[in-house]
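Pulled from Swiss-Prot, these are the features on record:
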ACT_SITE  86  active site, proton donor/acceptor
ACT_SITE  120  active site, acyl-thioester intermediate
BINDING   120, 162, 212, 263, 272, 340, 374  (3S)-3-hydroxy-3-methylglutaryl-CoA binding site
ACT_SITE  263  active site, proton donor/acceptor
């Protein structure tokens with residue numbers, strides 16, 4: 001039996017976002033809200049959207065086909081394909097089965113995996129399943145692909161500017177330049193009605209906004225603690241009881257991560273959450289020199305009150321202001337310029353990070369990732385960037401592609417939302433959106449027949 005695969009992780013990555021977006025400052029004016037409510041209050045600059053020509057099938061096909069093409073991946077070399085999404089078109093048929101159109105013509109139908117659904121967390125579950133598959137006795141030597149993506153839409157009102165659209169596809173296998181740290185995961189899963197989609201006649205969710213923010217913050221706390229506990233166990237095993245840890249007195253546990261990526265419902269929430277991680281470090285060790293200026297009354301603050309306490313928020317956002325700019329902000333380009341891609345958001349954050357920072361394989365960097373899906377399921381895990389990622393950066397061509405989009409007025413965005421409302425659940429339907437607006441290589445819907453079967457073409 002050959003040795004087990006080593007350095008399992010991400011070998012290739014592709015991001016897709018629609019060709020059209022709306023400017024959040026213009027949206028503020030259009031919605032009649034105060035200046036800065038979306039751009040400063042939420043930390044959002046632009047928001048991606050699509051008309052009735054794109055759906056989850058087309059977006060997944062576009063992203064997966066682009067990954068295969070750009071990285072010259074042989075479709076026969078894939079043994080697992082899994083999709084994470086919460087944008088459902090069918091209560092039975094998976095998005096993964098639709099993607100088999102990219103593999104079956106090459107004679108490859110022996111591919112494991114289906115769809116994983118839990119709000120914005122499905123992509124991470126698909127990644128975990130794929131990593132587990134490569135590390136398992138079921139692995140047949142081939143690579144896995146994970147596709148995660150969504151169209152995030154909200155009914156008119158306070159939540160609408162937190163929408164977005166896009167997808168990420170990743171090639172996962174051994175000997176990767178971005179390696180998942182084995183065994184280092186902490187999760188928090190519980191029952192909560194913070195954001196859910198019980199009305200299948202609508203694309204819009206039911207949202208309890210304030211409660212959802214609290215759930216997200218609780219999940220950050222719990223996952224960070226669970227990750228630290230797991231790390232402690234693994235370190236103890238490696239050291240076999242000896243104390244081989246060198247402690248730098250000036251550093252906090254948060255400093256063990258060179259970069260941190262978050263699921264980003266809004267970029268402002270990410271900034272608060274990074275500060276929240278340091279608050280957890282403070283509670284674990286209030287006498288650490290880094291916390292000399294922290295008001296002592298915060299040490300004994302009731303946990304429930306900590307979610308709404310402005311002193312906690314301001315203190316730890318202040319203490320992390322510099323490190324946030326260095327370690328978190330580089331991963332937020334797609335989130336601030338496209339909005340929330342739901343399942344794809346944290347992985348689009350990885351694409352942003354790769355595109356903004358030059359990584360040297362001789363100096364591996366450690367990146368923490370926090371993934372959250374309402375309802376709720378969440379995890380914190382970490383990767384090490386150990387290899388050459390310059391080829392990924394070149395193929396992503398992220399900034400050039402972001403700048404190539406068309407910014408449309410809020411009125412048009414509103415009309416597109418209405419267009420999608422009319423298209424929802426229709427059969428015998430021909431979309432009316434203009435395919436000429438799409439980027440070349442984009443799959444788009446041409447018709448839905450009388451049995452709800454969908455047909456697509458590719459923009460030349």
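Here the Cβ of each residue, glycine as well, is placed from N, Cα and C on the backbone.
Positions of Swiss-Prot features highlighted on the structure.
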| residue | record | contacts (Cβ under 8 Å, 6+ apart) |
| --- | --- | --- |
| 86 | active site, proton donor/acceptor | 117, 118, 119, 120, 122, 150, 197, 342, 343, 373 |
| 162 | (3S)-3-hydroxy-3-methylglutaryl-CoA binding site | 42, 44, 152, 154, 265, 266, 339, 340 |
| 212 | (3S)-3-hydroxy-3-methylglutaryl-CoA binding site | 194, 195, 265, 374 |
| 263 | (3S)-3-hydroxy-3-methylglutaryl-CoA binding site | 120, 216, 345, 346, 370, 371, 372, 373 |
| 272 | (3S)-3-hydroxy-3-methylglutaryl-CoA binding site | 217, 313, 317 |
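If you count neighbouring Cβ atoms within 10 Å for each of the binding-site residues 340, 374, the highest count belongs to 374.
Here (3S)-3-hydroxy-3-methylglutaryl-CoA is bound by 120, 162, 212, 263, 272, 340, 374 per the record. The longest Cα to Cα distance in that group is 19 Å.
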